[in-house]
Ligand SMILES: Nc1ncnc2c1ncn2[C@@H]1O[C@H](COP(=O)(O)OP(=O)(O)OP(=O)(O)O)[C@@H](O)[C@H]1O
Ligand SMILES: C=C(C)CCOP(=O)(O)O
């Protein structure tokens with residue numbers, strides 16, 4: 001059975017400019033897409049943080065490489081992500097999808113050099129038992145740093161390579177990676193292909209926005225599709241909307 005790893009960007013399922021606010025239409029469209037995918041194969045969903053995780057991470061000065069030992073801060077970030085995860089699970093349940101949470105804080109850690117080790121046991125067994133695991137960007141224990149942020153994009157890379165996914169999709173608010181004229185770049189095989197146009201994110205984003213996304217996906221070793229909400233149904237149908245990022 002084919003396996004799809006799909007990331008729902010925080011900018012799709014939340015209103016990134018309003019603290020802890022769900023984008024109801026964005027979440028509904030994304031949940032419809034997951035429901036369609038789940039009818040014909042296995043799906044792992046990962047969602048980003050949007051206006052839930054990022055503002056709390058910024059408040060506590062935590063990023064992907066700057067950590068904290070303050071458990072109050074760690075819990076504030078994690079609890080916000082659990083609230084968003086609950087909303088995603090509810091939207092999937094309303095569509096008859098047997099979705100279950102996997103919270104990265106309790107399933108992985110970073111080593112001193114920042115490399116992520118994520119246990120796949122829960123995710124693999126859920127898939128084998130017919131569930132749809134739903135992971136999310138989170139805060140995670142980091143050797144020598146306390147706890148740092150793990151982005152949904154990092155999780156997509158670990159999951160797609162560890163589970164040998166057949167297809168990888170990242171749905172953001174932009175229709176793909178854009179060039180300096182605002183046109184979608186159809187294919188990226190090296191960072192230089194898009195470097196001039198790549199910036200961070202327009203909203204509070206402690207994990208680096210599109211530039212970081214492209215770097216991580218180039219390291220994946222399998223093609224990954226970056227597209228906007230309008231490309232969701234094409235991705236679900238097996239097409240190749242937006243930008244495909246192919247690492248070496
Ligand atoms: N060249 C570019 N092409 C497309 N988007 C770009 C580019 N440069 C910067 N960006 C910014 O990157 C953002 C997308 O990255 P972002 O990390 O915010 O996406 P996301 O995965 O949907 O959100 P989250 O990180 O909350 O999950 C766009 O909204 C845009 O502001
Ligand atoms: C800020 C937190 C908690 C996670 C960030 O995940 P992302 O939105 O996928 O980059």
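Sequential numbering from 1, following the chain as shown.
Each Cβ is built from the backbone N, Cα and C atoms, and glycine gets one as well.
TrEMBL entries are annotated by machine, without manual review.
From a predicted model like this one, the values you see are computed outputs, not experimental measurements.
Lifted from TrEMBL, the feature list:
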DOMAIN    3-219  domain 'Aspartate/glutamate/uridylate kinase'
BINDING   7, 8, 9, 10, 11, 209, 213  ATP binding site
SITE      16  site 'Transition state stabilizer'
BINDING   49, 50, 54, 152  substrate binding site
Query - Residue among binding-site residues 49, 50, 54 with Cα closest to the Cα of residue 11 (ATP binding site) - result: 50
Query raised in the report: Which binding-site residues from the list 11, 49, 209 come close to ligand 2, meaning a Cβ under 6 Å from one of its atoms?
Result: 49
Report task. Count the Cβ atoms, other than its own, that fall within 10 Å of the Cβ of residue 8 (ATP binding site), considering every protein chain shown. Result -> 30
Report task. Name, in the order they occur in the sequence, the residues of the same chain whose CB lies under 8 A from the CB of residue 9 (ATP binding site) and which sit 6 or more residues away. Result -> 47, 48, 50, 152, 170, 171, 172, 173
**Report entry** Which recorded positions sit within 10 Å of residue 49 (substrate binding site) - Cα, from 10, 16, 209
**Finding:** 10, 16
Requested in this report: Tell me the Cβ neighbour count for residue 16 (site 'Transition state stabilizer'), meaning other Cβ atoms within 10 Å of its Cβ, over all protein chains shown.
Outcome: 25
Query raised in the report: How would DSSP class residue 54 (substrate binding site) in three states?
Result: helix
Query raised in the report: So how many other Cβ atoms are close to residue 50 (substrate binding site), meaning within 10 Å of its Cβ?
Result: 32
Query raised in the report: Which whole number is the mean pLDDT over the domain 'Aspartate/glutamate/uridylate kinase' (3-219)?
Result: 95
Report task. Under 8 Å Cβ to Cβ from residue 213 (ATP binding site), same chain, six or more residues apart: give me those in sequence order, or none if nothing qualifies. Result -> 153, 170, 172, 226
Requested in this report: Could you state the whole-number distance in Å separating the C-alpha atoms of residue 16 (site 'Transition state stabilizer') and residue 10 (ATP binding site)?
Outcome: 7
Query raised in the report: Taking just the CA atoms, what is the gap between residue 10 (ATP binding site) and residue 54 (substrate binding site) in Å?
Result: 9
Query - Annotated substrate contacts 49, 50, 54, 152, maximal Cα-Cα distance (Å, integer) - result: 12
Query raised in the report: Roughly how many angstrom lie between the C-alpha atoms of residue 209 (ATP binding site) and residue 54 (substrate binding site)?
Result: 11
